[in-house]
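Chemist: Sequence annotations record features per position, and here TrEMBL assigns pyridoxal 5'-phosphate binding site to 97, 98, 125, 126, 127, 128, 184, 187, 207, 237, 263. Marked as N6-(pyridoxal phosphate)lysine by TrEMBL: 208.
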Ligand SMILES: *Cc1c(COP(=O)(O)O)cnc(C)c1O
């Protein structure tokens, strides 16, 4: 069995170890929630200051031209593309994942007139299913039928259990049945080598493993084969062929710009750009290898103290480990109080996310020790841990 010294040695050997220094993280806490909100790159504050003082402060409205704000949805989209296996001109950044889901499903429905079934996973992150209620008849993937479906909307990695779909296999099966495949990569981008190149649409957020910051822009990828025909249901002025012609009616832009909606969130883009400067230096194969090692180590160290909710095979899971516990909420509150930050998902899931750029093997060791202590001494039974906070 691995011990603490072995973990320290693994950290020494870790090819990604230098990245941890690039993040602002509290020294005495173990942060295992990078799957929900990634830690800030140290350069983010300076980049946002630049956007406020040097761009906004100096150029004022001229920033739209002078500082490249106008093109941000496309230029940042191109920087995100390699992280999901896409090419330039295929991705727009902006808005939120919920909005991108709505755009993608609407576009898919219009590309498949006569089919009104949308296949989803009932375990999808709720917003994905909420957003498309009323757009078609929702059917669960468990029924395994795609022949009358317009599209299939799935998360590559399940937010609750961390279970991972086989993207190439599912994409091929869906497309063979004549349906369009839409992947949500919120819980996989930045955690593994995502490749949704064959899919028709993909959506994702940048504030989880990509460290873009709270409220960071989301993204939407449209396969080149659909760009001439797919329509953006949210026909805002940014996606107009000539936004500054201020014509009375909407006329679609060519190419991926047609999927932009409205004014980009410039200050949020600034923080995301700082993160992308870092991601451009990251080897995603190293990220995936370390992610599998960290999560497997945590599963081994926690052992049978908790019932595993995630797949045991590292190939079949993303970068999180989840366990079931009947009193999951107070257990997680107690863990946080003892310096191990995971989160709780109703009704009974304890989640621990392992962001490979800043999580060390020794953190895994220490976190598992704390889990053992909180459970064995039943520290979670203190009354104050039962009080629910607004965000769990
Ligand atoms: C995090 C997450 C979202 C978040 O949606 P927002 O619109 O950014 O609030 C959506 N879908 C999935 C699968 C997620 O993991």
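Cβ from N, Cα, C; glycine included.
What does the local environment look like for each feature on the list?
Modeler: A helical conformation is recorded for residue 127 (pyridoxal 5'-phosphate binding site) in the three-state DSSP classification. All protein chains shown were included, and the count of other CB atoms within 10 Å of the CB of residue 127 (pyridoxal 5'-phosphate binding site) stands at 15.
The Cβ of residue 208 (N6-(pyridoxal phosphate)lysine) lies under 8 Å from the Cβ of 34, 35, 36, 37, 38, 186, 187, 189, 190, each on the same chain and at least six residues away in sequence. In the three-state DSSP scheme, residue 208 (N6-(pyridoxal phosphate)lysine) falls into the coil class.
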Chemist: Same-chain residues six or more away whose CB lies under 8 A from the CB of residue 184 (pyridoxal 5'-phosphate binding site)?
Modeler: 97, 101, 124, 125, 128, 153, 154, 155, 156, 202, 203, 204
Chemist: Between the binding-site residues 125, 207, where is the Cβ count within 10 Å the lowest?
Modeler: 125
Chemist: Radius 10 Å, atoms counted are CB only; among the binding-site residues 97, 263, which position scores highest?
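Modeler: Within the set of binding-site residues, the most crowded position is 97.
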